[in-house]
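What follows is one structure encoded as structure tokens, with my remarks underneath.
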């Protein structure tokens, strides 16, 4: 049996890191030979989680084909979000909770995707279905991933399953998930120590929409003014990436995790689909999006529909 690498998407968030750890553990218990790796360094929120549970960071890779022939993907499937040489390896497994786009394989594979708030919730179900015990430390990590993806169960992506899984994992990990969760989310909102490029790269994904490449970055904060006092510099950083990386449109979704409201900063063209998607007019390159916290559920589908209209 050949070794396989397990990894989440580029610019990994907490779920991308934890899901890789959890699914690798699960697969090894099922008899596979896997190693969890990452496509980037952990962000501040994820580092808080790793430190809290005394868990090492994953080894970071930029290529997979020089190590293995096959890989397992978690928390993503779109090739532009994956490892740079994804076309040169066989994808044997995918566990995800996102849309399927631009994904095809030459061989049959294991594919498990569910419309849940977090990939780690899907992986929890695999553990339960196969009677594999979740260790306390791993339960804490998986709990953290769900809190991160669902903004402490407040995001509209949250399902009843996510809520039930959080409560069960909290029991296994012996942790007060509400107190811990708020501290964890706040750990990821320290913006002053980061450059504008770091802010827009930390949690960003690319999407193909009607022939246009749209980059959507999300910045979590406890005060939107902390983001927009740097608007000019953020716009400049986004313009630089549009030019260097071939993005047509760069959207920066600044989200207040305390009151569940967002502001969208729009850099590039076309802007008409953005206005159509949200039924609003862009002013000073910005749109107010009250009640919007989820890129996956409240931004990308609306943009995709508007671009395809």
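Glycine is treated like the rest: Cβ placed from N, Cα and C.
These come from Swiss-Prot:
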- 9, 13, 75: Mn(2+) 1 binding site (BINDING)
- 15, 75, 97, 149: Mn(2+) 2 binding site (BINDING)
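Structure with Swiss-Prot features highlighted.
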{"residue": "9", "record": "Mn(2+) 1 binding site", "contacts (Cβ under 8 Å, 6+ apart)": "16, 39, 75, 76, 81, 82, 205"}
{"residue": "13", "record": "Mn(2+) 1 binding site", "contacts (Cβ under 8 Å, 6+ apart)": "43, 45, 46, 148, 149, 203"}
{"residue": "15", "record": "Mn(2+) 2 binding site", "contacts (Cβ under 8 Å, 6+ apart)": "8, 75, 118, 119, 120, 145, 146, 148, 149"}
{"residue": "97", "record": "Mn(2+) 2 binding site", "contacts (Cβ under 8 Å, 6+ apart)": "75, 113, 114, 115, 116, 117, 118, 119, 121, 122"}
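DSSP gives residue 149 (Mn(2+) 2 binding site) a helix state.
Counted within 10 Å of its Cβ, the other Cβ atoms near residue 75 (Mn(2+) 1 binding site) come to 30, all protein chains included. Note: the Mn(2+) 1 site is recorded as 9, 13, 75; in the same chain, 8, 11, 12, 15, 16, 17, 19, 74, 76, 81, 119 also have Cβ atoms within 8 Å of that site's Cβ centroid. Sitting within 8 Å of the Cβ centre of 15, 75, 97, 149, and not among those site residues for Mn(2+) 2, are the Cβ atoms of 8, 13, 16, 19, 96, 98, 117, 118, 119, 120, 121, 145.
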